Each structure stands twice: as C-alpha cells, then as structure tokens.
Amino acid sequence: MAFSELMDRVGSKGPFQFLNMVLLGLPVFGLANHYLLQIFTAATPAHHCRPPPNASTGPWVLPKGPNGKPEMCLRFIYPPNASLPNDTQGATEPCLDGWAYDLSTTDSIVTEWDLVCDSNRLKEVAQSVFMAGTLIGGIVLGDLSDRFGRKPILTCCYLLLAASGTGAAFSPSLSVYMVFRFLSGWSISGIVLSTSILNVECVSIQMRAIMSTVLGYCYTCGQFILPGLAYAIPQWRWLQLTVSIPFLAFFLLSWWIPESVRWMVVSGKFSKALKILRQMAALNGKKEEGEKLSVEDLKISMQKEISLAKAKYSIADLFRTPNMRRVTFCLSMAWFSTGFGYYSLAMSVEEFGVNLYILQLIFGGIDIPAKFITILSINHLGRHITQASTLLLAGGFILALIFVPPDLPTLRTVLAVFGKGCLSSSFSCLFLYATELYPTVIRQTGMGISNMWTRVGSMMAPLVKITGELQPFIPNAIFGTVTLLGGSAAYFLPETLNQPLPETIEDIETWSCWAKKPKQEPEAEKASLRIPLQPCGPGLDPS
C-alpha cells in the first residue's frame, strides 16, 4: 500500500484538508505585505533643499535642472536677485540644511532619515538586506526543518516575523531598521518553506496542483490588501506595525496545524504519526478506517521513503553527472532570472509616473489571469515551452522600456504590467517543473538550491537599480538581458509532461528522451507514476 493510498483511506479531500488549507493560507495573505512593503514605506515624495537659516523671508528660488524642473539636490548659495559679482551669480551648493518634503502625499523612511540625493541608494540597500534575510534564512531553516520538523519552524517563524516587524516599526535609526528587516526576511523563508510542504502532504495526488494554486492565489490576493492599507494608513511606522501584528495571531493559530506525517514516519515517530492520521480520519468521517491503521501499515506504506532517507546525498551530487549538471545549471539560471526580473518590476512601481495605489492594484491583478493561463499552458503545450516563452517574453518587455520615454507613462506601465505577468507565470511553472526534473533522492536539495538562486536574484535587483545613476537605461538593459538568458537556458531542459518522475540520479542519466514531445495520455501518466522510470532507448521512444 502506497502512502497516497493510505491517505485515501483516512480521507484526502475532506474537512480536515479544508481547515488545514485555511490555517496555512491565511498567513500567506500577509506575506505579500512584507515582500512589497517598501513600495509604500520607502516612497519618495516631492522634495527640495531647505533655504539657509539666515535667508530673508519670501520664496527662495531653486535652480533649474536640465529638464527644466527645479533641482532636488542643489540650491543657490545666494539669492538670485542679490547684487554679487558675475562669477558668483548662480553658484549652487548641496542641501546643507536638509530637505523640505511634501508630506501631504506620504510619510516614509525616506522622509524620516533623508534617503534622497547622495543617500538615495540606501533605500535600495534596505530592500536588499531584507532579501538577504530570505536567502540566508532559506539555507539555515531548510536544514533545521529536516531536523526538528516543519511545524516547530513554522510556529517560531510566525512569532519572529511578528516581533521583527514590530521592532522595525519602532526603529530609532536606519541601521536598526535594516537589522529588523533582515530578521523579517529570515522568518518569511521559514514560513514559505514549511507552508509549501504542509499544504500538499495531506491531500491526494490529484488535489496537489489545486492546493498549490489556491495557495498561490492567496499571495496574489494579498497584493490587493497592501495598497488599501497604505492608503488608509499613510504613516510608515503605523503601516509597518499593522502588517506585522496579525502574525502574532497566526502564531497562536499554528498550534492547530498538524505536523507532517511523512516527516514523522521518516524520523521514526510512528506513534505520533498514527495519532494524526486517526484525527484526520475522525474529522473526515472515517473514524473506523483510522482505528484499523497500525504502525506496521505506516512502515509498509513509507518503506521506500525510509530507505531513501538513509542514503546520503549532498549538493555535490547535483554536479557529478552530465545530465544532472545540465538540469541544475539551466534551472538555476531560470530561477535566478525570474527572481531578478520579477522584483526589478515589482519594486519599481513609483517610477512609472502613475498613481502608486492604483498601479499596485494593477500589478497584483495581472497575476490572476497569468496564473490561470499558465495552468492551461503547462497542461497542453508542456512545461518546456511555457517556461522558456514566459522568460523570453518578460525579457522583451523589460528591454522595450528602454526605448519608451518617461513622458509616455501609460505605455511604460502597460509594458511593465505584461512583463510582471510573464514573470509571475514563470514562477508558477518553475515550482512544478523543478519538482519533476529533480530525482526523488535529491529533490529537496535541488529545490533548496533553486530557491537560493531566486533569493540571490531578488537581493541583487535593488542594487542593480543603483546603476541608473550612471545612465537611466542601464538597469533595464541588465534586467532584460539576464531574463532573456534565463529563457534561453530553459530551452535546454527536457519536457516532463506525461513523463514518470525520476527516482534516482541514474534515471536522469539514462533518460534519453530530452526535448521530445510526449503523448497526451492522462491515464498513462497516472500509471507511469507507479512504475520505475525507463530509458527511452530503441523501441521505447514515447513519440
């Protein structure tokens, strides 16, 4: 009896799964708030230099920039109407007495700590520090999750996010704020890792794609919440506090989330696993089936997982053999470019000259049709063509922004929205595609490396935006080129639609049907999941 059949006995699509989905999905609504929070808490309002303290009363005329608009980072040393020698007329200096801001539009960390002019790059550094937290947290917490279980890590990360987010709201300086934002990113990695695993392990094989999609839509809907909160709460400290406090409630609710049955069995905790299965059966109206289960049933159903857990595999195994190297390199490039391009657009909302709140709603809304189209595409056209096409299209949209002048904000916005939609589709496809390409014995390690590259890309994106101080087109040229390279790398991956899942590294090396189009046979696909992967040699060509 396979583990999936064991789950069917106790109910794999009942009230237990619904309640588990609600408990796991509610916090995901709030994750979007933290990922995209600096769009509003680090918004830069209109500003100009304060006049000298000894300046005479009356308006202080500001110097004009090359575009004919008043300079934001310079001021006249003397009033323009002063009687001075010609060589000092029009002389300018930096804003030595600080800046005056239009606080009617926004209150942010920019106005709090003067992150403008020579200090404006610190705003991007703050976002990169947050992303660095997600990177390092993913590496450390992944290992801790395997050692101590998914639920303890999830519970602790809820509490840490509530505490660090609250700490950021009361930060007395930018450096302290960055420390708390780093811890927020760290905790979010643990939440994402544990939630994605616990969400699919207690449902049937047929329901996994649906449950993953529902969880993805929770994040998408969370993007609609943030602009509403930011509009209602324009003070950045109160906004930071508002999006952080709910995770204290999620910390308390997490005590009702069950631990992973698979992890408990593999870890030898058979009695606790049996107790959860019986609770699941009782809630799903199959109490009698639950009472019939025994520890021996668990050992038999999980025999393969237990034996695989005893085998020792490391990151080095992802690079030992040719085809495994190819999969690892191409997937890493696709993950990196997706995270790199996605956050280049998602965090640049205020640069398109459109109302910040409305544009964020549009940016969030594009994910809904994008995810739906992706589901149709990966099931009919295949993973290979979907993955490559979404990244190539996204790269094209980003590069097109270079040639559209700032005085055409509507066209720039349309290109950015379609680019973000393509990158959202790329994310949706990658989560499934990578799972199907990495063999079972090293799948967790491979997914960990993939997520690491996504976070590296998202961490580098704000830093690359600083290059715009040299030439405005440089950031989009880098973002677009890297995204195109990611799409090109995806073309070297094989198609996995209707193909059996690889179990071992040897399966990948003997898998000779790379880039061949599989037959559309759903029933054959189900059967293939229950038999070992076979090489596509003479007489076994699926096409």
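Backbone N, Cα and C define each Cβ position, glycine as well.
The range from 186-207, 296-317, 450-471 that TrEMBL describes as transmembrane segment is residues 186-207. Recorded stretches compared: 21-43, 327-345, 357-378, 390-408; the one with the most Cβ pairs under 8 Å to the transmembrane segment (156-180) is 21-43. Across 327-345, 357-378, 390-408, the stretch most heavily in contact with the transmembrane segment (21-43), judged by Cβ pairs under 8 Å, is 357-378.
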